[in-house]
Amino acid sequence: MTIKTLLPTSSFAGLTGNPWSAKADKIQSATGLLLGCFLLAHLHFESSILLGKDAFYQVVQILEGGMFSESGHGFPLVTKIFSVFILLVVILHAAVALRRFPAQLGQWRALRRHMNGINHKDSHAWFWQLVTGFILFFLAPVHIFTMITNPEIGPHLSAERVYLDNAWLLYALLLPAVVIHAMIGLYRVAIKWGFTANRTGLRKVIKFMIIYLITIGVLSLVSYLFIGAELTTPVQPYVPN
Ligand code: HEM
């Protein structure tokens with residue numbers, strides 16, 4: 001016999017919780033999973049600059065559908081449209097995540113007390129996800145809006161943005177915040193939905209991924225800075241020989 005059959009409707013609302021809450025939980029996990037996978041692909045595509053200008057140029061042409069154009073050059077419109085889609089997913093993810101945010105000073109104090117009182121690794125991870133989520137709230141839209149309004153990507157055009165337009169400053173803050181947030185998020189989704197019960201093993205994988213992704217991200221940024229420093233204005237898009 002279930003609780004529902006034992007109790008009158010009015011008395012089980014507090015016990016069973018709001019059905020919207022379970023739905024919001026699923027939306028948060030699904031959008032988080034999508035964004036986490038996107039970030040893994042994004043940082044790898046983008047760090048192809050480490051293999052040289054030609055490699056990055058080819059990656060961009062493939063992603064922007066260069067095979068469908070007569071000139072072989074991709075369409076920045078593809079980047080624009082995909083960026084709008086990612087922005088919508090980010091907004092949905094943030095909207096459902098907001099309900100978990102400690103809203104008052106008292107709630108923050110209680111969280112700090114709880115964190116100091118227990119040495120539970122997953123609670124600490126959750127705290128860092130909260131802090132990085134807060135940072136991303138401000139930084140991620142700036143980057144995505146730039147990709148919507150100025151979707152030109154390439155070895156020279158990206159280096160121009162990073163070096164001459166000083167986007168490196170944004171990326172230097174965004175990179176650690178988004179990598180930590182996304183990797184802890186993927187860990188929590190995997191545990192929450194029962195993909196694995198091996199927390200210790202998964203924590204090691206996540207720590208490795210955080211260091212690995214930040215390393216390739218920083219090296220890529222440095223590459224763009226070097227390329228950007230050699231550019232002359234007005235910057236001409238890179239054309240392979
Ligand atoms: C579909 C939307 C997006 C597009 C088209 C895009 C494209 C790019 C490109 C081309 C770069 C290289 C530098 C440049 O050209 O300015 C870059 C860098 C970066 N993007 Fe995105 N991005 C998108 C969404 C995101 C999102 C949602 C995040 C995370 C919140 C993100 C995080 C980063 C980071 C951290 C860097 C710097 C990477 C490094 O340090 O090497 N991007 N992005």
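Cβ from N, Cα, C; glycine included.
These come from TrEMBL:
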- H42, H93, H143, H181: heme b binding site (BINDING)
- 77-98: transmembrane segment (TRANSMEM)
- 125-148: transmembrane segment (TRANSMEM)
- 168-187: transmembrane segment (TRANSMEM)
- 208-227: transmembrane segment (TRANSMEM)
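The record gives H42, H93, H143, H181 for heme b. Within 8 Å of the mean position of their Cβ atoms, the other Cβ atoms in that chain belong to L35, F38, L39, I86, V90, L136, A140, L174, V178, A182. The number of other Cβ atoms within 10 Å of the Cβ belonging to H181 (heme b binding site), over all protein chains shown, comes to 24. Below 8 angstroms of C-beta separation, residues 24-25, 27-28, 31-32, 34-35, 38, 63-65, 133, 137, 140-141, 144-145, 147-148, 151, 153 of the same chain, each at least six residues beyond the ends of the transmembrane segment (77-98), sit close to that stretch. Counting only same-chain residues six or more apart in sequence, the Cβ atoms lying under 8 angstroms from the Cβ of H143 (heme b binding site) belong to A167, L170, Y171, L174.
Among the binding-site residues H93, H143, H181, the residues whose Cβ sits under 6 Å from any atom of ligand 1 are H143. One residue stands out among the binding-site residues H42, H93 for having the most other Cβ atoms within 10 Å of its Cβ: H93.
Secondary structure from DSSP puts H42 (heme b binding site) in a helix.
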